[in-house]
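The following features are taken from TrEMBL:
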type	residues	note
COMPBIAS	205-237	compositional bias 'Basic and acidic residues'
COMPBIAS	238-253	compositional bias 'Basic residues'
COMPBIAS	261-281	compositional bias 'Basic and acidic residues'
DOMAIN	44-146	domain 'RRM'
REGION	191-281	region 'Disordered'
ZN_FING	12-40	zinc finger
ZN_FING	148-175	zinc finger
Amino acid sequence: MAEHLASIFGTEKDRVNCPFYFKIGACRHGDRCSRLHNRPTISPTILLSNMYQRPDMITPGVDPQGQPIDPRKIQEHFEDFYEDIYEELSKFGEIESLNVCDNLADHMIGNVYAQFREEDQAAAALQALQGRFYSGRPIIADFSPVTDFREATCRQYEENNCNRGGYCNFMHVKVIGRDLRRKLFGSYRKYRGHRSRSRSGSPRPRRDRDRDRHRDRDDNRDRNGRRPDRTDLDAGGRRKNGSPKRSHSRSRSRSPPPAREGSEERRARIEQWNREREEKP
């Protein structure tokens, strides 16, 4: 029974604990939810509820006076806010990720999720933010159960085809520009989220292996860039690469075989042998 409850914890099958609060750290029912919201007492992630106030909050793309806003101005406003929050929170430790919701529902609009590398860093930041204000509004900070933002974000939104729009119950994370991301996160981790945590050595790219092979081959060249001749010998009769001198006896030219005798020469030789035999006593 205990294994079954553990396997369904935080899922739709769990009739006791709220799955949305477990995945997103927020629930549209709030305190009126029929399921439990288990608020963590410690977590590497803190939630700053409704902190980001977008300039087109009432009507997307339109300011409170009803005038259209240039999308570039909206992005600049967001990135200024993002940089302010990052610089303030990074005083307490290394930030693994900083996500700002672009949703419009009351329980998610302007939510800021800051995930630190260590839990004690998040605790220090949470304590420092108590009773503080930003842009004339009090900061509402608390620990969040969210540690895996892949389960919390809306995949359809990332593919630009979410049909629920800003009222989706999953995170629509606002994206910062490449230059700002490199400025804030580049010095720490080179975008850690894309790096493997495995301790085993990853396979080396083929171009690296080829480069090392060419480097080893070039190391065998002499100072003038010439590769040593395999037939060059040192004073001791050894090759310069250390291999012993080979014997060249087999490669010497052999003496030509004697010319083959004709029939007349053979008959004369036989007659000479017979005369020498007869002359013997």
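Note that Cβ sites are derived from N, Cα and C of the backbone, with glycine treated the same way.
Nobody curates TrEMBL annotations by hand; they come from automatic prediction.
Cβ atoms under 8 Å from those of the zinc finger (148-175) belong to residues 20, 23-25, 28, 60, 78, 97, 99-105, 108-109, 113, 115 of the same chain, restricted to positions at least 6 beyond its ends. Beyond the ends of the zinc finger (12-40), by six or more residues, the same chain brings 5, 47, 49, 105-108, 111, 113, 142-146, 151-152, 169-171 to within a C-beta distance below 8 angstroms of the stretch. For the zinc finger (12-40), the model's pLDDT averages out at 84.
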